[in-house]
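A.B. asks: Please see the structure below; I have some questions.
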Amino acid sequence: MRVFQRSTCRMPVSRATVTILLGILFGFSITYYLTALKSLTNPIICGPEQQIGGFDYLDVISQRADADVFTRSQSLPGHRRGLILVAIMTAAKYVDTRAYNVWKTWAQHIPGRVLIFVAEGTESVHEDMPLIRLKGVDDTYPPQKKSFAMVKWLAENMADEYDWFLRADDDLYIRGEELALFLRSVDSSKAHIIGQAGLGNSAEYGLLALGSTDNYCMGGPGIVMSRDTLLKVSPHLESCLQHMLTSHEDVELGRCIRKHVGVACTWNYEMQKLFHNNQSAIKESYAKNMKELKDAITLHPIKDPAVMRKVHLRNREIKLREARAKRSLLSSELSTAKAQTLVRMTPNRTNDLTPWEYINNNKILFCADRVNCPRHTVDLSIRTEMADTITQLFDEFNTNARQRGRVLQFQSLQYGYMRVEPTKGVDYVLDMLLWFKKFRPPNRTTISVRRHAYVQQTFGKLRSLSEGVFRSNMRANSTLIEDPTLHMIMPLRGRAAIFARFAQHLKSICARGGDDLAVSLTIVLYSSEDEMENRETIEMLRASFIPVTVIEMGDVSFSRGVALMRGAETLPANALLFFTDVDMLFTCDALKRIKSNTILNAQIYFPIVFSEFSHESWSENDKLLADAFHYGRGRGYFRHFGYGLAAMYKADLMDVGGFDTKIEGWGKEDVDLFEKAIKNGRLRVIRVPEPGLVHIYHPIHCDENMPTAQKDMCHGSKAASLASIDTLVEQIAQYT
């Protein structure tokens, strides 16, 4: 056994060695002290007179005094950089539209900071936007100078603050959570430039002075640069700007980075999905189909602010769905959770059974107890929900696909069943065709298989919210005060007896409505043979202390759209308008629901009215009923295709564009207004069956000289109002 003992020998240390060590220690101390002192004495806000950098045409300037936004900090010990800074380029004509829309949507969900770069002298009415004004830069297109100046500003002011920098346009949508997840998987200490690689379109291919193996990151879908890339390219921006070979700023930025940093854009096929660029139909990009959103980090181009808000809402829905699914999964793992079962409710009676609806190849729906049953085209809402369900289903299937060495891909839906349990959720039985792929050697194979999937979507917990809190939240941005009076606007030409019935009914409603139901009536009166009788009825209403305003139209062609707009023009912007017809009867509760379902600057109400069939088709029991407020299958139907009755505030009517006053005669003006309200994007449209609104049957006469679209609508409404399907079947049965 060998024993090791500590030596007692000491090596002599010379005086020169000690002096060198002390000098090194003293030098480090002085350097640290001077660095810290410099960081304290340097200005942190770029004032109007301060130049950044050495080039006049690349100098940049900020005139907003927000120290949190424009901080030039040094890397102090323990300083931790943020993840990403998004730099958005925009022009003066878009700063208050596209740029502000971006700032209010996806920019609020970026895990870092967002700055908006504009030309020198650009002003905005929105003080909350973080604008950076670039000195000596204008809105000349192509924006090479603006792009290079922005990159230089980032390098000299923000390089020590963030690991990643994203150059973006004002028509780009970014999913912040997915961007953060992607960037945290990449080493930020190395030089990177990430985006969708491009070589130019078909007209420019071969004309961009690119080498056989060169590419560039397309500017539209966004360009991500690491901090190292930004610092290395910054000193060479002046030279690159003076020696451009094309007019495309993204091509030249990529060329400059490739030359002086030595990295090129990520040449990866998957980047086409992650940084998605829609080149097929720029004007309608993502307006209808947003299937690319699920797999994308960025979407480009979205030039319409309404579409941008729609895409943002869809993205938040996806995140909410994921959060709910995670909550449901965690809840199911609790020891107190109920065991999962396909039978969520045991019916006690036959009427408690919820019928299943059959879906044939995702195109035809066979249903019961719904509108247009038993067979009709699958609604867009159902198609969208099923697509989301299938996508989520396969995402869960493929969670551990790499470890298992196999992946499942959806092909098509053969058929399916669906039912809605009102207190539980939605149940699906889906027969699907899918690809089963094994990608791990030596058993690589692809097989087409058919499988059944049983899917349950569970509703979230009920929440109660008072009407006062709800309305105050919805109208938080409104500067107008809602008028409590319900202003009914009604065009009238002839039909004295029908108008007398309407007036008598309105008189009785107002008599028992109480103080909380203030109603006024605006009549847009056209000349007719029985005009004097109508005027006598108007005086009777005025004698009943009902405010009545008459707008004289004279002997001109009847146009419902023109009449309703004339009536609305006489009222203030905060007036609650209810467009109605002389054939309508209503209850006091219906008028109160109209008031509660209409919110200024937030919500428009299109009630679905109950329309009577021809009285000749009624059964004897229906004819014996005293009033109109009964709802049998043979008595009438809820007119889902009619939009003539609507409630909204005048400010919202003008915001959506109002009625089309070029339409003459009967129909189409209501459909046009409804479509405008839907496309507006800012206002929510609520549409529900309203049992308190009943349209009394009257013979419909369709003028054959009407435009084709109006004539088809008129004939369709006339046919639908003759009798119920049950009555028609009984009539046919007599001849079989």
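Any Cβ shown, glycine's included, is placed from N, Cα and C.
Pulled the feature table from Swiss-Prot, pasting it below:
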{"type": "BINDING", "residues": "D583, H698", "note": "divalent metal cation binding site"}
{"type": "COILED", "residues": "277-340", "note": "coiled coil"}
{"type": "CARBOHYD", "residues": "N278", "note": "N-linked glycosylation site"}
{"type": "CARBOHYD", "residues": "N348", "note": "N-linked glycosylation site"}
{"type": "CARBOHYD", "residues": "N443", "note": "N-linked glycosylation site"}
{"type": "CARBOHYD", "residues": "N477", "note": "N-linked glycosylation site"}
{"type": "TOPO_DOM", "residues": "1-16", "note": "topological domain 'Cytoplasmic'"}
{"type": "TOPO_DOM", "residues": "38-736", "note": "topological domain 'Lumenal'"}
{"type": "TRANSMEM", "residues": "17-37", "note": "transmembrane segment"}
A.B. asks: Given N443 (N-linked glycosylation site) and N278 (N-linked glycosylation site), what distance in Å do their CA atoms have, once rounded to a whole number?
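C.D. replies: The Cα atom of N443 (N-linked glycosylation site) is 37 Å away from the Cα atom of N278 (N-linked glycosylation site).
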A.B. asks: Quick one: pull the CA-CA distance for N348 (N-linked glycosylation site) versus N278 (N-linked glycosylation site), whole Å only.
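C.D. replies: Here the two Cα atoms lie 54 Å apart.
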A.B. asks: Enter the number of other CB atoms within 10 angstroms of the CB of N443 (N-linked glycosylation site).
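C.D. replies: Total other Cβ atoms inside 10 Å, all chains included: 9.
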A.B. asks: Between N278 (N-linked glycosylation site) and H698 (divalent metal cation binding site), how many Å separate their Cα atoms?
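C.D. replies: Answer for this pair: 52 Å between alpha carbons.
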A.B. asks: Near H698 (divalent metal cation binding site), which residues of its chain come within a Cβ-Cβ distance under 8 Å, counting only those 6 or more away in sequence?
C.D. replies: I498, D583
A.B. asks: Average the per-residue pLDDT over the coiled coil (277-340) and send me the rounded value.
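C.D. replies: Taking every residue of the coiled coil (277-340) together, the mean pLDDT is 82.
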A.B. asks: Helix, strand or coil for N278 (N-linked glycosylation site)? Use DSSP.
C.D. replies: coil
A.B. asks: Work out the three-state DSSP category of N348 (N-linked glycosylation site).
C.D. replies: coil
A.B. asks: Per 10 Å Cβ neighbour count, which of the glycosylation sites N278, N348 ranks highest?
C.D. replies: N278
